[in-house]
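Noted in TrEMBL for the protein shown:
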| type | residues | note |
| --- | --- | --- |
| REPEAT | 50-81 | repeat 'WD' |
| REPEAT | 95-136 | repeat 'WD' |
| REPEAT | 187-235 | repeat 'WD' |
| REPEAT | 269-300 | repeat 'WD' |
| REPEAT | 373-405 | repeat 'WD' |
| REGION | 487-511 | region 'Disordered' |
| COMPBIAS | 499-509 | compositional bias 'Acidic residues' |
| REPEAT | 593-625 | repeat 'WD' |
| REPEAT | 642-674 | repeat 'WD' |
Amino acid sequence: MAQLEFISVGANRQPHASDWSQEENLLAYGAGRTIALWDPSQNNGVGEILKGHQKIVTAVKFFEAGTIISGSSDATVKIWKKDAKSGRYSCFNTLTNHSKSVTSLAVNKEADLIVSGSADGAIVFTRLSTLELIDKKTVDVRFYALCLAIHRLANGAIAVAAGGTLNQVFIFTGTHETGSFNMDVKLDGHENWVRSLGFKLIDAGDENSDILLASASQDRYIRLWRLHKGSTETIESRTAVETDPVNQLTNKVYYINNKNYSVTFEALIMGHDDWIFSTQWHPTKLELLSSSADTSAMIWHPDEQSGVWVCHTRLGDVSIKGASTATGASGGFWNALWLGKESNFVATIGKTGSWRLWKQDAETGTWSPHFGISGHTKEVNDLSWERDNGHYLLSASLDQTTRLFGTWNTNDKSWHEIARPQIHGYDMIAVKCVNSRRFVSGGDEKTLRVFDEPKGIAYLLENVCGEQNTNKESMPDSAMVPALSLSNKQEQEGVTLNEEGEEEDDDDGFNTAHESTISILSKLKTPPLEDHLQRHTLWPEVDKLYGHGYEIVSVDVSNDRTVTATCCKANTENHAVIRLFDTTNWQQLPEPLKYHNLTITRLRFCPDDKYLLSVSRDRTYAVWERDPENKAAGYKLSYADPKAHSRIIWDCAWLPDSTGFVTAGRDKSIKLWKKTEENKWETKTQVKFDQPVTAIDINPINQKLAVGLDNGALSIHNIQNDTISFVQDLSTTVTPDLRVSRISWKPQSEDQFAVASDDASVRIYSA
C-alpha cells in the first residue's frame with residue numbers, strides 16, 4: 001500500500017482559521033478548503049489533512065482534545081471527531097444554520113457552546129452535546145461578526161462577545177435553560193472594525209474574580225474591558241493614560257446579565273502600526289499576544305509598579321510599507337498563537353502561508369526563531385525533480401513562487417522547503433530542471449526564464465541535505481530583486497550584475513544583502529527559517545527565452561540536456577507551436593514545430609530523445625522525430641493522430657524503452673500507444689475511469705504508472721505486454737482534495753513519486 005511521506009501546504013490568510021490544542025500538542029489550520037494538522041514537536045511537517053468543506057476554511061477551533069470545529073465559505077460548520085482506534089479525525093456532523101460564508105467561530109467546553117457568525121448577518125448559538133440550535137441573532141443590517149468570544153460567568157450564565165463590521169463590541173448573555181441570548185450592551189470606543197476578542201479570568205483559581213475582555217481593531221489599538229461581579233455605580237479606570245489619541249477613554253459603567261456584572265473600560269494598548277488581526281491570552285499568565293498587518297507579534301503585560309500595559313517582547317519584522325515578499329516583506333501576520341506544553345512557543349502566519357516559530361529560553365526569557373512549516377497558498381501547477389538523483393524537488397504555483405524541497409540530512413530524513421528560487425510578479429505555470437544546477441520556468445507571461453544555483457544555496461544543500469558540490473567558486477554569490485523588477489539579478493563580489501555579466505548601478509538602494517547571504521546560509525545546519533527563504537534563497541536569472549505570443553503552458557528539457565521545448569496558450573495554428581531552444585547558448589532553433597490548432601497541454605521528450613511528444617486541447621497528439629544525422633536541426637513531424645481522444649488530452653508519458661507512450665484525457669480514459677512497423681502509433685489498450693484523468697507518469701525502472709484524476713484520486717497501475725493492469729487505489733485520506741495537476745516519479749527510485757494539486761499541496765508518496 002502506498003504511504004504518504006510528506007505534505008506541504010500553506011495556511012489560509014484568515015485571522016481565525018487556526019488553533020492550538022495543548023492536550024494533543026497539535027496545531028490545526030485551514031489550508032484551502034481542507035484542515036491541516038501539524039505537531040510542531042515532530043520534524044515531518046503536516047501529519048494529516050481533513051477533507052470535507054467545499055470552499056475555503058475560514059475558522060478553526062479545538063473544542064476539546066479529539067474534537068475540532070471548523071467554519072467555511074460554503075456556509076457550513078463541521079464537527080470533527082478523532083477515532084480512538086485509528087487516531088485519525090473524520091467529520092462527525094455538519095451544521096447548516098447559515099446561508100452565507102461563516103466569518104467567525106467561538107467555542108467553549110464549560111459552556112457546551114458553539115457560536116458562529118456569518119456573512120448572512122446572523123450569529124448562531126448551538127449546544128454541542130445535543131447539536132441543538134439555541135438561538136439566532138441579528139445585530140444590525142450593516143454588521144457581520146468577524147470575531148467572537150465566549151466566557152462562562154460565575155453564576156452559570158454565559159457571556160458572548162461579538163465584534164465585526166461596526167466600531168462597537170456587543171455582549172450577549174443567556175443560558176441553555178432559557179433558550180435565548182440577549183444583547184445587553186454595546187461597548188463604544190473603537191474607530192474601525194473589530195477583528196479579535198478574548199476573555200481572560202484574572203485569577204484562574206477564583207471564578208468570582210474579575211474578567212478581562214480584550215478587543216482589537218483595525219484602528220491599530222487594543223482595548224481592555226473589565227467585567228466585575230456586582231453592580232458598582234462608578235468604577236474608575238484602573239489605568240492612567242496621559243494622552244488619549246482617539247478621545248475615547250471613558251469610565252462609563254455598562255451592565256450585563258441583569259446587572260449581575262458591570263463592564264468598564266480598563267486600558268488602551270498602543271504600539272502596532274497597522275491593522276490588528278488577532279489577540280490571544282496566555283493560558284496561565286496575565287499576558288496578551290497580538291498580531292498585526294505591520295508584520296509584528298507583540299506580547300503585552302501590566303507593569304508591576306504602575307499597572308500600565310506595556311510591550312515586553314516584539315517578534316517579527318520592522319514594517320516595510322509597500323514592499324513585496326521578494327524584498328523580504330512578510331505581508332503582515334494574520335494570526336499568532338501560544339504553542340507548546342508550557343506555552344513557551346509563539347507561532348505566526350504570514351502572507352506566504354508559512355508558519356514562523358519562536359521559542360522562549362527558560363532561563364533568560366529571550367525569544368529565538370525556530371524553523372516551522374511552509375507551503376504554497378494557491379494551485380500548484382508543475383513539479384520537476386533534480387535530474388540526476390532527485391536530490392531536490394521544484395514546484396511552481398499560482399501563488400507566484402517557485403519552491404525547492406529537500407530532505408534534512410538527519411536520521412528521519414524529513415522533507416522541508418529548502419529554498420524559494422523565484423518570487424515572481426506573475427503566476428507560475430511550468431518548471432523544469434535543465435541539470436542539477438539550473439532550471440527553466442514559465443509564468444503567466446510570454447517569456448521563459450533560466451536560473452542558476454547560487455553559491456549560498458550550494459552550501460545550504462550541502463549542510464542540510466548532504467548534497468556535495470565541488471564547483472562552488474564558479475557560482476554567483478546570491479540574487480536579489482531590484483525595485484519595480486521581475487528579474488532576479490545576480491550579485492558577485494558585492495556588485496549587482498545584469499544577464500550579460502555587466503555591472504549595474506545600485507541607485508535603488510536594495511543591494512544590501514549580498515555580504516551576508518553566503519555567510520548566513522553556509523552556517524545553517526537546519527532547514528532555513530521563513531526569513532531566510534524570503535530574503536536569501538533566490539536564484540539569479542541568467543537568461544530569458546522569447547518567441548511565444550501568449551502565456552506559457554508547458555516546458556520540457558531533453559534527457560541529453562541540449563534542447564528545451566516550450567509551448568503557450570493558443571487558439572490558432574500560428575500560436576499552437578512548439579519552440580525549441582539550444583541550452584548551450586539559449587538560441588531558438590530555426591523553425592517552430594506546427595501541427596496543433598489549440599493549446600498544447602504537455603510536452604515530453606522520450607528517454608533516448610529520439611522523439612518529442614505533444615498533446616493538445618484539440619484532442620490530438622503529435623510525435624516529432626529527431627534527425628539523427630543533424631541534431632542541430634531539431635525535430636520534424638513523424639506521426640499525428642487527429643482522433644486520439646474524444647475530449648482534451650491533459651497529459652502524456654513515455655515508456656522507458658521509447659517504444660510507446662500513454663495519453664490521458666478529459667474523456668475519463670488513458671490509452672497505451674505502441675509503434676508499428678509502418679512507423680505509425682496505434683492503441684494497444686484503453687482504461688476507463690469515473691473522473692477525467694488529469695495527470696500521469698511512468699516509472700522508468702519498473703514501468704509503474706501513477707494516475708491522478710480531476711477529483712484528486714490517485715491510483716497505481718502496471719504496464720506489461722501491451723496491457724495496463726490495476727495495482728491499487730490510494731486511500732482518500734491521503735490523496736489531494738482537488739484536481740491532480742502533475743505527477744512525477746523520483747529519478748533512480750522504484751517507489752517514490754511527487755504529486756502537485758489544485759488544493760495547493762505538494763505531496764510525496766512511497767508506493
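Yeah, the Cβs are placed from backbone N, Cα and C, and that goes for glycine too.
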Quick one: mean pLDDT on the repeat 'WD' (187-235)?
89
Looking at the stretches 50-81, 269-300, 373-405, 593-625, which one shares the most CB pairs under 8 Å with the repeat 'WD' (95-136)?
50-81
Beyond the flanks of the repeat 'WD' (593-625) by 6 or more, those residues with Cβ under 8 Å of it:
553-560, 563, 565-574, 576-580, 634-654, 656-658, 661, 663, 665, 673, 681, 700
Would you mind splitting the repeat 'WD' (187-235) into helix, strand and coil residue counts from DSSP?
0 helix, 24 strand, 25 coil
How many of the residues that make up the repeat 'WD' (642-674) does DSSP mark as helix, as strand and as coil?
0 helix, 18 strand, 15 coil
Tell me the residue counts in helix, strand and coil for the repeat 'WD' (50-81), as DSSP assigns them.
0 helix, 20 strand, 12 coil
